[in-house]
Amino acid sequence: MATLLQQLINGLVLGGLIALIALGYTMVYGIIQLINFAHGEVFMVGGFASLATYSYFIPESWRSDWWVALPLMALGGALVAVILAVIMERFAYRPLRNAPRLAPLITALGVSVVLKEAVRLFYPGATAPVPFPRVFVDEQYTFEIFDGTITIGSTAILMIAVSVIGAVVLQTYITKSRMGRAMRATAQDPDTARLMGVNPNRTIVLTFVIGAALAGIAGVLYGIQITNVDTEVGFLYGIFAFTAAVLGGVGSIKGAVIGGFAIGLIKSLAGQYFPGGTQYDLVWIFVLLIVVLVFRPQGLFGEPERVRA
Amino acid sequence: MTALLEVENLSVAYGAIEAVRDVSFSVEEGQIVSLIGSNGAGKTTTLRTVSGLLRPKAGDIRFDGKSIANADAHEILERGVAHCPEGRRLFGRMTVEENLHLGAYVRKDAGVAKDMARVYELFPVLGQRRQQKAGLFSGGEQQMLAIGRAMMAKPRLLMLDEPSMGLSPIMTQRIFDTIKELQSQGTTILLVEQNALAALAQSDRGYVVDLGRTTLEGPGHDLLADPRVRAAYLGED
């Protein structure tokens, strides 16, 4: 029982991280039908940028106060991620907006390789995992229950809280605000959105910016939770997040969040209980994906493409 | 006095195919002007070019004396030209109210709520179902919403592409009554219609578009009486 609860908690923590990244995939796909494979690297760059903010910009006397250091690092990580995404959109994707769908997809893969190699080559020491400072309160809370103990760390609580709050704020913004309406209109029918006076370029850039900011914040959270950053994590978590977005239904905010948590839970539960343990936990993620797509090709919350209007 | 909208020797191409070769017409402030013609004549392409969705290959488009031939769609709307596109093109997954809000997207004045109330007054069925998704509505109701949405921009010139398409005769009559009412409130109307009879009967001026060219023009009633128009578009010998 305690083991099960512990694995559920671990799953939620991982799931929260995946969900934050998956939001960027799903929003960009929703508006320009591009699977931005470089988005995982944006998350990774966010992690490195927040580390750089800590190492090079935050004076030593501020570092021990987490309520000063952590927001500054999140800001640094998100800012660099956003700048990167804006450049990416402007110079890699926008010129290909009317090209066949394969062209921007291959470009995204190329951008992803470039980003990963650039960080590996130019960030000091990034050829191996780089230690990440424990800036946040580093507590482990232990609870005695039934037949054992469960442990949850302060960073784990922060991770779950930020991902849930982030998703709720985003969903509210998309459904209630003027710009949110413009984004949904552009996603549904770009030409008609233009007839309403929506500037498509501005709307698309905003979508990239929001996704990148969330990925940048995910980068910091990853750093304080895992206590290192590595150029490899962009690809791995990119794949997790992409799978979460597809599972939940690309284009759906709710779907990305539920997909993220589903993947986190499957991975930690399968690692504990399924044959093969953690060696095969990734297999079960994709088994779940295949099963869902067989019965619901549009994903759990995706909208099938036949709405009258 | 210059006209509100002047289109001069317009030509528009999709790749190598010229859909509009030589279209010229003008719309005076306060008038209803119709472009009529058969399927594929270039009427819709002309409207899509005026509203900035397509770029002209040659010719000029002037609104209120200034060229808008190379402006972006959102700039053209901001200057006062709204386009209610063919096939209604509502945002089907959004509610009636959200569609109307999008119609007013470029407006920053405080009158949006009042104008929304006016749309609901004009089309009570929309008011009763304002929280429902637009995709669930019937063709006629969708057309009302499409017109209401275009009105929300408070345009000086409202362009309507086939507003009567697929509608029952009663609904068509209601749509044309609404167009008349909008005109009486000061909106200039540019109408594209295959229903030439109904369109010309309401219009101050009409133009016949044939194979990408404006071939005939005149006051609506004159065109209605013109034997060439009657032969080609009203099914008479």
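Every residue, even glycine, has its Cβ placed from backbone N, Cα and C.
Annotation comment: TrEMBL describes A:12-35 (among others) as transmembrane segment. Below 8 angstroms of C-beta separation, residues 42-43, 93, 97, 101, 104-105, 108, 156, 159-160, 162-164, 166-167, 170, 183, 186-187, 203-204, 207-208, 210-212, 214-215, 217-218, 221-222, 225, 237-238, 240-242, 244-245, 248, 250-253, 255-257, 259-265, 267-268 of the same chain, each at least six residues beyond the ends of the transmembrane segment (A:12-35), sit close to that stretch.
Per TrEMBL, the feature transmembrane segment maps to A:65-87 (among others).
Residues or ranges marked as transmembrane segment in TrEMBL: A:99-115 (among others).
Annotated transmembrane segment per TrEMBL: A:150-174 (among others), in sequence order.
Here TrEMBL flags A:204-224 (among others) as transmembrane segment. Sequence-distant neighbours of the transmembrane segment (A:204-224) (same chain, 6+ residues past either end, Cβ-Cβ under 8 Å): 16-17, 20-21, 23-25, 27-28, 30-32, 36, 39, 42-51, 70, 73-74, 77-82, 84-86, 88-90, 94, 132, 134-136, 155, 158-159, 162-163, 166, 170, 179, 183, 186, 233, 237.
If you look up TrEMBL, you'll see A:236-266 (among others) marked as transmembrane segment.
The transmembrane segment annotation in TrEMBL covers A:278-295 (among others).
Among the stretches A:99-115, A:236-266, A:278-295, the one making the largest number of Cβ pairs under 8 Å with the transmembrane segment (A:150-174) is A:236-266. Outside the transmembrane segment (A:278-295), and at least 6 residues removed from its termini, the chain residues within Cβ reach (under 8 Å) are 240, 243, 246-247, 262-263, 266-268, 270-271.
Within the same chain, residues 8, 10-27, 29-30, 35, 37, 39-41, 43-44, 112, 163-164, 167, 170-171, 174, 187, 222, 281, 284-286, 288-289, 292-293, 298-303 sit at least 6 positions outside the transmembrane segment (A:236-266) and bring their C-beta atoms closer than 8 Å to a C-beta of that stretch.
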